[in-house]
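Student: One structure, as structure tokens, below. Some questions next.
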Amino acid sequence: MAAPWGDVLRNEAAVQEAARVAVDAALLAGVLMRTEGEPNASDVVNYAPFTLLPSAVPSALFEQAYAVQQDFNLLVDAISQNKEFLEHTLASTIKVDDFTARLFGIYMQVLEEGLAQSVFLGINRSDYMFDRGVDGTPALKQIEINTIAASFGGLTSRTVAVHGQVLKVLGKSKEASRLLPNNPSKGLALGIAKAWELYGSPSAVVMFLVEEVQRNIFDQRCVENELWNRNIRVIRRRFRDVFEKGSLDDARRLYMDGQEVAVVYYREGYVPKNYDQQNWEARLLLERSRAVKCPDIATQLAGTKKVQQELSQPGTLEKLLPGRAEAVARIRATFAGLYSLDVGEEGDKIAAMAIADPDRFVLKPQREGGGNNLYGEELRQVLEKIRDSPERTSYILMDKIKPQPAMNYLLRAHSPLQVSECISELGIFGVYIRQGEEMVMNEAAGHLLRTKAIEHADGGVAAGVAVLDTPYLV
């Protein structure tokens, strides 16, 4: 599965020159992040970390990932509408995981009151790795699906041009012309714009709900600018602003600083540290409103690891997607082995199996944002500690995917230039809109390739481990 860069990797002078060109190209193209020292200021910025060379991706698996995205969109939407399924699936988790329990509490409260929202917008990203089978053939295996704040659709839209420039400088114009165009920021903005239009109030705004620390602002600005180009007003607010200045009128329309809000696009709210008591109250206010939430709380719950594990149970997909046998088959083909640690004989057996052979598995808590999973010795220690406690039900167990590493250079500000053995993860962005019962949009909206050195088991670009990349189809 090697890309044709072997000659480059052996030529140190060419690598040094290409790296200089690459960094300047990234700055020119706007592949930018704020610095750790000044995370809320844009007067000092640097390039977002990225690979020097595009990474090889098997074209058949790339096409498979795109082909199944609309199925995953339908699945997430079906789960979000299925109260019995969410109640049953999360019953054990909410007893031991306070964060999931708080989200679930808001979900039940909003359902009881009756949903004011009639237009539903989903922006998700389904992430995969290429598992090397016993015979060496790679297979597409899903890591997870992110249903809230799926990031880097903006910066990855600008990374292709950088890699194209690098390849040209290295005398590989033919290869440069084979890089696929990719613009998720446009696809995500199209979804938000359509939801805004269906909300039906031309003077209403789109509100990006953002974190207190905003290092990754340029990624969001890419999507934001696409909306401004369509003359849709965008405001950026934090939970605390919503708590202080947000209000609902009698029709449960949401107002911020006197402006009606049509769409709330969450780039925040996916980990416990995003919430204090005020922020939970702000979240409830948003969920009770008529505004289109991306995601609404049911869709956020649909992205939990416990739901992912439950989907792998025989017959579950068929119940959620009745009469869609082909979609079910496409989805199931991407599943790695997933195991429940629920209390009982089966869960005891699974826990014992993982403790005996920890390198075979990944232990996943109900958390988003990267850097949370446990591997190897750490996995064994944690499981031994909680094996007889209900706390283990806040985790799921998954087969560890073993991709074929490849050599590349990972470019990071203020880091030495050195070759690394790397593995990649492919994400496909999905956008869908449902109005009442009718699906009015269901698209794959572009892709994201992230690459990291093999010594890092877990973590994405925002977590400082993976870097942005471009697929080179082989």
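Numbering starts at 1 and runs along the chain as it is shown here.
Even glycines carry a Cβ here, placed using N, Cα and C.
Per TrEMBL, the features are:
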| type | residues | note |
| --- | --- | --- |
| BINDING | R125, 148-151, 214-216, Q220, 267-270, R450, 461-462 | substrate binding site |
| BINDING | E144, K305, 364-373, Y375, 398-401, E425, K452, D458 | ATP binding site |
| BINDING | E144, N146, E368 | Mg(2+) binding site |
| DOMAIN | 204-302 | domain 'Glutathione synthase substrate-binding' |
Student: Identify, among the binding-site residues E144, E268, the residue whose Cβ has the fewest other Cβ atoms within 10 Å in this structure.
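Tutor: Relative to the other binding-site residues in E144, E268, E144 has the fewest Cβ atoms within 10 Å.
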Student: Rounded to the nearest Å, what's the C-alpha distance separating N146 (Mg(2+) binding site) and Y270 (substrate binding site)? Just drop the number here, would you?
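Tutor: The separation of the Cα atoms works out to 10 Å.
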Student: Provide the three-state DSSP residue tally for the domain 'Glutathione synthase substrate-binding' (204-302): helix first, then strand, then coil.
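Tutor: Reading the DSSP string over the domain 'Glutathione synthase substrate-binding' (204-302) gives 40 helix, 26 strand, 33 coil.
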Student: Where Y270 (substrate binding site) and E368 (ATP binding site) are concerned, what is their Cα separation in Å, rounded?
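Tutor: Pair distance, Cα basis, whole Å: 6 Å.
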Student: Return the count of C-beta atoms lying within 10 angstroms of the C-beta of K400 (ATP binding site), excluding that atom itself.
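Tutor: Total other Cβ atoms inside 10 Å, all chains included: 19.
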Student: Let me check the 10 A CB neighbour count of E368 (ATP binding site). How many other CB atoms are there?
Tutor: 19
Student: Looking only at C-alpha atoms, tell me how far E144 (ATP binding site) is from R125 (substrate binding site), rounded to the nearest Å.
Tutor: 9
Student: Taking only the binding-site residues S151, R215, Q220, E268, which one has a CA atom nearest to the CA atom of Y375 (ATP binding site)?
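Tutor: The smallest Cα gap between Y375 (ATP binding site) and any of the binding-site residues is with S151.
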Student: Between E368 (ATP binding site) and R215 (substrate binding site), how many Å separate their Cα atoms?
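Tutor: Rounded to the nearest whole number, the Cα-Cα distance is 17 Å.
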Student: State which of the following binding-site residues has the fewest other Cβ atoms within 10 Å around its Cβ: R125, R215, K452.
Tutor: R215
Student: For A149 (substrate binding site), which residues in the same chain are close in space, meaning a Cβ under 8 Å from its Cβ, but six or more apart along the sequence?
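Tutor: Expected: Y266, R267, E268, G269, Y270, E368.
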